[in-house]
Amino acid sequence: MLVAPPWQRVRKGSVLNMKLRGEISDQLKTRFSSGLSLPQICENFVKAAYDPRISGIYLHIEPLRCGWAKVDEIRRHIVDFKKSGKFVVGYMPVCGEKEYYLACACGELYAPPSAYVALFGLTVQQTFLRGVLEKVGIEPEIQRIGKYKSAGDQLARKSMSNEVREMLAALLDNIYGNWLETISSTHGKKKEEIEGFINSGVYQVARLKEEGWVTDLLYDDEVMTLLKERVGQKDKKSLRMVDYSKYSRVSKKTLGLQGGGEQIAIIRASGSITRTRSPLSAPSSGIVAEQLIEKIRTVRESEKYKAVILRIDSPGGDALASDLMWREIRLLANSKPVVASMSDVAASGGYYMAMAAPVIVAEKLTLTGSIGVVTGKFCLQKLYERIDFNKEIISKGRYAELNVNDQRPLRPDEAELFEKSAQNAYALFRDKAAMSRSMSVDQMESVAQGRVWSGHDAFSRGLVDSVGGLSQALAIAKQKANIPKDKKIQLVEVSKPSPSLPEILSGIGGSLLGVDRAVKGVLQDMTSLSGVQARMDGILFEGLGDMSGENQLLLLVKDIMNYFD
């Protein structure tokens, strides 16, 4: 058994046990990588539906830190799996809105009698550091183009602008309205009844049972005993289960789900966009334009791929890098059908990439659009005075000190040039978006201005072509490539990840080396401000969650203040 291939290690009558918690990546993971992978979660549902050795799925749902689009994708696979006739049982020890939205798709749902419940509604929040930075002598000089462009506000403002408030309220209405509609449909009740229940303040798990929101209140061992009876396991051993990680190594080919036929390539692009790799970044983090362009060119030059799906999960980043990738995707689309599929977010630079594809598919709650730019620098004059630090620059050329001077504010003529540069970058972005989406510049301007749209609203405004997930994008790609709808194809992941040394060490013994992730993120964000950014701000749509990057930055600033006091 030690040398048997993975698909022979699954015993007949097994239950697939998947624990969904924390962050969920849109990238494939190696066996040494930590965290969950959306494509592998979804593939496990598909394989389990056809695998005669799997009797059903036992789904543990813990607090999730991913966007609503990924949750919708997983929920869709739960619903599809139930059509196989096999059971899917959910277990939910902590219940928030996002967790219940996913869990209620299960055929049965259990929670422990002591489960934490917090069904109070949804919030959206922004944090502002301008006042804190002023206290330590840092003056942000930010240019953001687009009245809805919130990126940079965290540094430049002390409160939310009316335009951003309007935008965030609309997004929250979309998310909350979809949540109410889905839950009411699941329970066969009116939306008003569901909203009334939530507005009563639901914190007792017993109320969920009384209202029929959970099947019963049982501990984990009691649920597994119930499942043992269901699968006919009569021995005294534990429930026969196979976990997510092990089942992810079962090949679709062994189940007859993928064999010969035409090949469609899928290129995944996740994370912030940079033009070249930063020394601070891990090998698998973010979208590095020069690396992605190599993949795109390889696929374009290959005749074996009949179509391409560009899967995007990115809030944007470097504007130049985004434009260089836009050009390569356009060239790719001239040689074969290309469909862009959006995950949680494809905004600003992420949308820049997507708009190069002739067809764009988004989830209804994907965050997209944000057609705008932001650039900025810090004036550290007061901080330097406070710590008795001096810096002198000798320069030639009227604007030579524009990007290197941080010991004084910008002169009026420098500030004017700084703004014109950002305005020019915005005009290029907007005009290319108009051309890519076959709109006039005026039409595009009305939906641009840095505004973030839900996938549903982006569809009604012509920014995307279809609402759905990866399966919808695949169906369109097959149609565009003249592949019959019911014909099997090979979906080829371009450049599957290989484990790096830090990943292997992390997988074996935890974090043995490396820099703290939050500090690295702060350093990368501060470094990236030196160029024009097509970036969407980090907007937090949560009721409860762990410490965000903004709070880590606050702690960093607090430490600086304590040092100088």
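The backbone N, Cα and C atoms fix where each Cβ goes, and this holds for glycine too.
Some features that TrEMBL has for this protein:
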ACT_SITE  LYS149  active site, proton donor/acceptor
ACT_SITE  SER348  active site, nucleophile
DOMAIN    81-232  domain 'Peptidase S49'
DOMAIN    332-483  domain 'Peptidase S49'
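Taking the Cβ of LYS149 (active site, proton donor/acceptor) as reference, residues of its chain lying under 8 Å away and at least six apart in sequence are, in sequence order, SER370, GLY372, VAL373, VAL374, GLN449, GLY450. Confidence in the domain 'Peptidase S49' (81-232), given as mean pLDDT, stands at 95. Its Cβ placed at the centre, the residue listed as 'active site, nucleophile' has 34 other Cβ atoms within 10 Å.
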